[in-house]
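If you check TrEMBL, you get these features:
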| type | residues | note |
| --- | --- | --- |
| BINDING | Ser34, Glu56, Leu64, Ile111, Trp396, Gly403, Asn404, Ile405 | FAD binding site |
| BINDING | Asn183, Gly184, Asn185, Val186, Arg228, Arg229, Glu240, Gly403 | NADP(+) binding site |
| DOMAIN | 25-193 | domain 'FAD/NAD(P)-binding' |
Amino acid sequence: MVLPLNKITNLVARQVRFLSTNVPKIAIIGSGPSAFYTSINLLKQNPKNLQIDMFEQNPVPFGLSRYGVAPDHPEVKNCQDRFEEFVQEQMSLNKEPNKNKNFKFFGKVKIGKDIHLAELYKNYHSVVYAYGSSAENQLGIPGEDHSGVINSKKFVGWYNGDPSCQNLNPPLDKVRNVTIIGNGNVAIDIVRILLADPETHWANTDITETALNTLKKSTVENVVVSARRGFLESKFTNKEFKEVLEFKDINFDGWNEELFEKLLDGKKLGRVEKRRLQLAKKHTNNNKDTAKKHWRLDYLKTPVGFKVDSNDPTLLKETIFQKRIIDEEGNISDSKELTSTDNELVITSIGYKGEPLPEFQKLGVPFDSKRGMIPNIDGKIDFADPHGTLSYCTGWIANGSKGNINTCVMSSSILADVINSDLQELKITDKPGREEIEKLLENRNVRVTTWSDWLRIQAKEVLLGQESAKPFEKITDYNKMLNVLRD
């Protein structure tokens with residue numbers, strides 16, 4: 001087939017543009033799965049003619065996969081192996097003569113403090129926001145700030161070794177009853193954390209030593225998972241549900257929907273709903289006579305307040321709920337009736353939301369505060385930067401805090417296609433990119449951690465883990481991470 005002359009001209013023009021010294025330069029803010037999958041897909045399509053710089057505020061990479069995945073789910077963290085393999089490939093290419101240094105990791109660089117967002121727009125052709133959702137949704141009820149009410153982001157960060165969450169110190173040695181408000185996968189993770197045997201289930205995972213010791217002293221025996229809607233509307237996956245149901249030393253006490261069986265009459269259930277119901281019926285009270293620890297699902301209740309324990313004001317006595325009513329048509333409405341659940345501790349798990357970076361308002365970068373995300377179409381942000389820099393977003397900051405790492409794979413692939421398509425049409429002007437940013441960081445005396453620094457920190461964590469037969473022991477203090485680099 002013979003191509004028309006105009007198409008040949010366009011193809012040649014694109015190649016000349018991409019092979020010129022003005023290589024497209026992309027700044028990615030964040031270093032979690034979405035950031036890495038976007039980088040991998042971009043460089044897969046443009047292996048020689050693209051420069052990507054990744055900025056992470058922590059000294060170490062991986063974000064959600066390092067600090068958000070349950071310690072007993074190491075298979076979910078396997079994506080980190082792929083990310084490390086990717087960076088090693090790029091580092092090998094960097095050593096070859098006449099090769100662009102396609103990728104560089106900048107750790108311990110906070111955008112808005114160490115480098116201003118305006119400086120990224122000035123020095124790069126594209127800016128990609130991939131920094132996730134850092135805030136937890138609030139209940140908005142009296143007493144939510146009590147020490148006996150903990151949000152799941154902080155609790156998950158505590159047992160996963162996030163240095164910013166290590167001051168939590170949950171009083172599990174003084175607690176028998178815990179209520180989890182919210183019923184997604186994170187809530188089910190927390191059920192396992194609280195009730196699974198520390199010695200047989202957690203000791204050989206990458207849970208922190210501090211969390212493991214706390215769990216060994218824990219007196220928690222009963223956990224209630226509470227939600228506003230009904231059983232069929234549960235947000236957890238059947239896989240997570242099945243996993244916690246199969247513990248032989250934990251009893252599932254069932255759930256509380258009185259009209260549930262009647263509502264099922266004549267209702268056609270989908271495959272997922274059928275499976276969830278089968279699991280619940282199969283495992284309810286299976287271990288009632290032998291298990292010392294119990295959990296149950298508590299539906300159709302809205303939390304409205306808390307009562308404090310008069311004997312120990314650092315703990316709660318109970319949570320007050322407003323009952324909700326479900327009619328025979330399945331419609332849900334609030335009632336005027338109140339009820340309570342005994343608990344000394346409450347963990348809220350009602351989802352996360354993103355927050356704008358400090359300079360968004362000043363620069364005019366759009367942000368939807370209500371949904372906690374950046375408005376976008378397939379990851380592209382409608383923002384006219386005076387420097388001609390294009391803006392994109394991916395992951396939770398783009399889609400809200402929903403989905404898992406597999407979702408990140410798909411959305412990052414779509415975004416890479418969008419960026420590459422835009423780059424083909426963009427006139428690539430000469431921008432300094434990394435060269436200028438490195439000068440700014442040096443002049444400001446910012447101690448940047450490199451990928452080689454991360455490998456040294458990781459090697460130390462592996463060494464520490466070997467002392468207690470764990471895959472690794474996370475260093476949970478930023479200064480101690482940096483001390484490793486001084487040795």
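Heads up, residue numbers simply count up from 1 along the chain you see.
Backbone N, Cα and C define each Cβ position, glycine as well.
Annotated features, which come from TrEMBL, shown on the structure.
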residue	record	DSSP (3 states)
Ser34	FAD binding site	helix
Asn183	NADP(+) binding site	coil
Arg228	NADP(+) binding site	coil
Glu240	NADP(+) binding site	helix
Trp396	FAD binding site	helix
Asn404	FAD binding site	coil
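With respect to their backbone Cα atoms, Leu64 (FAD binding site) and Glu240 (NADP(+) binding site) stand 18 Å from each other. If you compare every pair of Cα atoms in Ser34, Glu56, Leu64, Ile111, Trp396, Gly403, Asn404, Ile405, the residues listed for FAD, the longest distance is 26 angstrom. There are 26 other Cβ atoms within 10 Å of the Cβ belonging to Glu56 (FAD binding site). Per Cα geometry, Gly403 is the residue among the binding-site residues Ser34, Ile111, Trp396, Gly403 nearest to Asn185 (NADP(+) binding site). The Cα atom of Ile111 (FAD binding site) lies nearest to that of Val186, taking the binding-site residues Asn183, Val186, Arg228 as the candidates. Reported as a whole number, the C-alpha separation between Asn183 (NADP(+) binding site) and Gly403 (FAD binding site) equals 14 Å. DSSP assigns Leu64 (FAD binding site) to a helix. Set side by side, the binding-site residues Asn183, Asn404 differ in how many other CB atoms lie within 10 angstroms of their CB, and the most is found at Asn183. Close to Trp396 (FAD binding site) in the fold, though at least 6 residues off in sequence, lie Ser34, Leu64, Gly132, Ser133, Tyr352, Gly354, Met373, Lys402, Gly403, each with a CB less than 8 Å from its CB.
Note on proximity: among Glu56, Asn404, Ile405, the binding-site residues of the record, the Cα nearest Gly184 (NADP(+) binding site) is that of Asn404.
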